[in-house]
Ligand SMILES: Nc1ncnc2c1ncn2[C@@H]1O[C@H](COP(=O)(O)OP(=O)(O)OP(=O)(O)O)[C@@H](O)[C@H]1O
Ligand SMILES: Nc1ncnc2c1ncn2[C@@H]1O[C@H](COP(=O)(O)OP(=O)(O)OP(=O)(O)O)[C@@H](O)[C@H]1O
Ligand SMILES: [Mg+2]
Ligand SMILES: [Mg+2]
């Protein structure tokens, strides 16, 4: 990702085919459905993608590191449950709207702590992140059920859910939050030392170790970031709903990983960008929204989403072929 | 003396860590529940692990070859719905044949996309997971399917029969495990899979046709799914469209517990069998001890990490990773 | 001018009941020349359901029918639709009582009541004495929670000497339920009855008991009578269930919504009948199509 | 450790004492100790697997020694991590490239210590100006903003070297830095080393090339089988003595080889091109002949070999084997037609590192080593044993994972693997990269012997003495074209250099 080399627009598109794809489906749905091209619908799309999107930002860091976090869906459920339950505790009964605060703080802390735990295990044991977080995906979901005893929570205080549907000017608050997070993570990844080390650790771990980068703590920080962002997504999601259920976030890890990969991040690590991830998230959001508006039957939605996923991968492969002289491996 | 005993134990752990863990685990549970080690219970657990177990064998082959297969769960739903639905329409024999062929076709699509087009296997099989789920629903119209004359069809032997007092699912599981173990450990084909998973470039430079090898691993995985579907269909005598939902992760957990590296190139079939059985016994043991079902998830979390950790710690000769 | 009604369902395709519901709903809408429907499915995901409620609001439908994925979690979304001036009809399983002020009506079966009916059947089947196990639905889902609660409360009241030894989820999945039952059979040498939160799971339990040769000693009681349950009842292997027609459910919901839009007066709790069905009275019911 | 410690002017920059390091089944280092003075180039020599790299990894904090102590400027230190080693002024330039390919040259050079601004931002300006300064000092012709993955192997090696210049190092270790450098780059590297030396750094220089060692070194220490064998002063010794110490016997490097008895044409290439990689390449290769390909790195020799092995699709031209035109569509196909290729990069292309030695050697022919449907253990072990002995591969057993062997022994496994195929046409690409002098001359002898037995052999090498020593004819390449071909009688160092620099042309190849 040589930040200095100026690329032609076409070259840029070849490197980020996802934005071309977005343009395509955008035009398609605009013509195919009368309700698609409307300001309010765009707001909806942004709000709806913000949940997956916020997590995907953190996941991009972790995946550029060459790791992965499968536990994010469960963390969403845990954070949402904590956030909604704690703000209803009688302890905070006379705090008014401030009662929301301890809930949010507890949720974010829990997410960050679980991220730290994942990171610590990956660092200290040397077990592959896929395995560590696959375990955590089950385990954290177990924690959610232990905590909630299978119950759903629901926020008595409607200002919590009002926040979820409020707007700052024309932009819904949750969408704004998502865009701000995107800008921050983009800055961190492309401009800061931590961000550049993220590429180094993922690109060649032993090189990073030899260069004296403290790879363990570094990876742990990224796991904490994704944990924090997953918890944040849990908070925003629960404020959208004004409620939390223990099953919340099921399969989110799959959608998050899918969007990140669609956005061009390599599963092996070492390469990827936040702009790409934003594209991946939007692509899935627009597809889902468009198909909803067009009333594509649920069964076909599954087939279409699956096929598109594979098609984008194929397209990417075609665009990035090195030509006929390539080694036939 | 104690020291050398400790050393040889460490050596044993390094080689057969998972087996040692398994035995310790069985002993621990049997202390708390006298029913745990009864023949009845063991048969029951192994029988109900057989479906996930058979699929885990196929997925082990794919993972050794350097790829992942997350589509096995929804493929299982598809194949089970198909075999059950066709059973009453065209008879058990043809239903089995059609199901095996159809499942192999799905495997072939995976194989073409990953092996020949060289797309990333995680994403391809994730996409297939979704697409096959949709396909199943479209095929069945979203309805459950059932076999009407459950007691008279010979189809029941796969899930409900016994051979010399051993439940047929266990026999099928054992046969599949032995066959695949022999293939992987003792044939040139198996060797090529290990090489391809270990270093695909070097494999091509050694004259191995990488595309074919990867393609074949997905066919094997699909075949195991088809076998699992027949057992499942016969066991339940009906199927839901989502019967295999989430199985891919349980299968993968079993494979990982068996010490197969997700990086490809290493792993053993029989250890995956143990991995799956451990998961089955955890579930069963905790239930016998009267724990809430979600406690089982917490325990699985700890067991997966501990088992894999001990496995690699024994291999590298130190407990903690050397990464600073 | 046609009436436009949107529906977001829980999880079509997860079982035949919901699939049949959707078909019946579409058929009923097609039969009425004055209505246009937007049919969506949340795939069991609360968050997606809420997104769909937003999308439906965006399309300015005149009423939204919601089959809640979770009775508590959708309350705020329902409130918002209500505030946007779109009447909401809840179908199949009700939302939490905090949401009641925001809905126009509920149409569906009474799941708590169904749990009670099953408990009463169990008392009768066991002559008020015995040890039973319960196989619940998928953890965290309202229908599962309500049936479990209705069953447990009533059992404790009606026949306290029938003891629930164990409860495990069967995830609405016959094979999972079969596995759970296999473990129960090993764990408990004496089981007198099984309550399963639907017939699909009930038949799974029956399969396991038959394989262990213990089906004769156990009374099986389910809910949402499925074809397999009906057949097992006919064979005398299955004690009873609760009859619930997805067609009635769907038609009732659509009719309620139309009435609401047209400004007719509708009862807030619009339950349709879900009678007990047992080996004795099954002749009075047609075999379920799902 | 003591605060009152005052460095003595004559304390060595580095002293190692009684270092012991064992791996399962291998005693890689056994009581090794020597010292390196400030301002000295200290060469470290030894056969493949003698323990040189292991010793240096101990020094750089990558391995923890079982026993022994390390002193930097007389102060006892423990190196727990590369970070700590760097902080103490020890820099190691690795034998294997260790770069993050997706990142820029500058970021790689300053990996782990990117200059910072407020908010943890990278100070790009400082970074690039510093990096560019180092690149200029190394006379590298590429920009510091270039992505490392797009550089040639040689240039990547230069980036690796550039890293050593970012800190005021007290001890700099070069582990076979020239294995993939061209002569021009070598000259620059030697200048840099002399410069570092003049600034008072102690230099450890590991190489298998005697000429380099005798140009650069002040003293020479020798390891054998993990043990220390002594230190010689360059001015008081000679190559023979060093080799004697290293391999325990004398080696006759000047021996003239027998003239080749060539047979019929085995391989004929006419006007072969592959895009811009190489164009219009024609030559013929006879049975019993060794044809050398010499050229600068990037000249396109490897690509020709890959095309002949079915790994690239030619865009024009014909390939004839035994007079009949063939199309080679894959390596499997090439193997069937009797071609073997010992590839350039052993780690990426040659070996499955996690697999054991035996399975690696038999991999290309495992399909033929069967008894019934199963692989025959006996046949496999027989093949392994043959090459284990013939190539003197150093490994505790065939069960050892290839990744645990030393670099040179890994290379021997690759060579053994392809010799075991009994090819008609054997192509070896940089066959002795990283191989010790003893084994090197054995491999050269082996190549000659094979030719004598009627094999047709192509040797691609960037080492002039090597091509000149083993080849019957030499083809000189420049920018993807054959510039000239020489017979042994015609070739001199001068006209060969002229040809590969594109100065002298001769179209009759
Ligand atoms: N990680 C390891 N595990 C097991 N054995 C190892 C490991 N690393 C090195 N060895 C063994 O230690 C010995 C010394 O290896 P080392 O790499 O130091 O040799 P070297 O002198 O650098 O050889 P070369 O000239 O071929 O690079 C070899 O026998 C090698 O097989
Ligand atoms: N200056 C360069 N810029 C970009 N890529 C290069 C450059 N030089 C070489 N390469 C590529 O790097 C790879 C390995 O380079 P290497 O230096 O071994 O060249 P090579 O073509 O193998 O040389 P030779 O044919 O002389 O052996 C080759 O694929 C080559 O095309
Ligand atoms: Mg070395
Ligand atoms: Mg080359």
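Quick reminder: no glycine exception, Cβ is built from N, Cα and C everywhere.
According to TrEMBL, the feature transmembrane segment maps to B:12-32 (among others).
Per TrEMBL, transmembrane segment is recorded for B:44-68 (among others). Beyond its flanks by at least six residues, the transmembrane segment (B:44-68) meets 76, 114, 121-122, 125, 167, 169-170, 172-173, 176-177, 180, 184, 193-194, 196-198, 200, 213-214, 217-218, 220-225, 227-228, 231-232, 235, 247, 250-252, 254-255, 258, 260-267, 269, 272-273, 275-277, 279-281, 284 of its own chain at Cβ-Cβ distances under 8 Å.
Within the chain carrying the transmembrane segment (B:95-115), a Cβ under 8 angstroms from the stretch's Cβ atoms is held by residues 67, 69, 71, 75, 78-79, 82-83, 86-87, 89, 121, 124-125, 128, 132, 155, 210-223, 225-226, 229-230, all 6 or more beyond its ends. Annotated transmembrane segment per TrEMBL: B:95-115 (among others), in sequence order.
A Cβ distance under 8 Å defines the sequence-distant neighbours of the transmembrane segment (B:122-142), meaning residues of its chain 6+ beyond its ends; these are 68-71, 73-75, 77-78, 81-82, 85, 106, 109-110, 113-114, 241-242, 245, 248. Sequence annotations record features per position, and here TrEMBL assigns transmembrane segment to B:122-142 (among others).
The transmembrane segment annotation in TrEMBL covers B:162-183 (among others). Remote same-chain partners of the transmembrane segment (B:162-183), defined as residues 6 or more beyond its termini with a Cβ less than 8 Å from a stretch Cβ, comprise 43, 46-47, 49-51, 53-54, 57-58, 60-61, 189-190, 220, 224, 227, 231, 235, 268-270, 273.
TrEMBL lists B:215-237 (among others) with the feature transmembrane segment.
Per TrEMBL, the feature transmembrane segment maps to B:249-266 (among others). Residues 17-18, 52-53, 55-56, 59-60, 63-68, 70, 72-73, 194-199, 272-276, 278-279, 300, 303-304, 307-308, 311 of the same chain lie 6 or more positions beyond the ends of the transmembrane segment (B:249-266) yet place their CB under 8 Å from a CB of it.
Look at TrEMBL and you will find B:273-291 (among others) tagged as transmembrane segment.
Positions annotated as transmembrane segment by TrEMBL: B:297-314 (among others).
If one looks beyond the transmembrane segment (B:273-291) by at least 6 residues along the same chain, the residues whose Cβ comes under 8 Å of a Cβ in the stretch are 18-19, 21-22, 25-26, 29, 32-33, 35-36, 41, 44-46, 48-49, 52-53, 56-57, 173, 177, 250-251, 253-259, 299-300, 303, 307.
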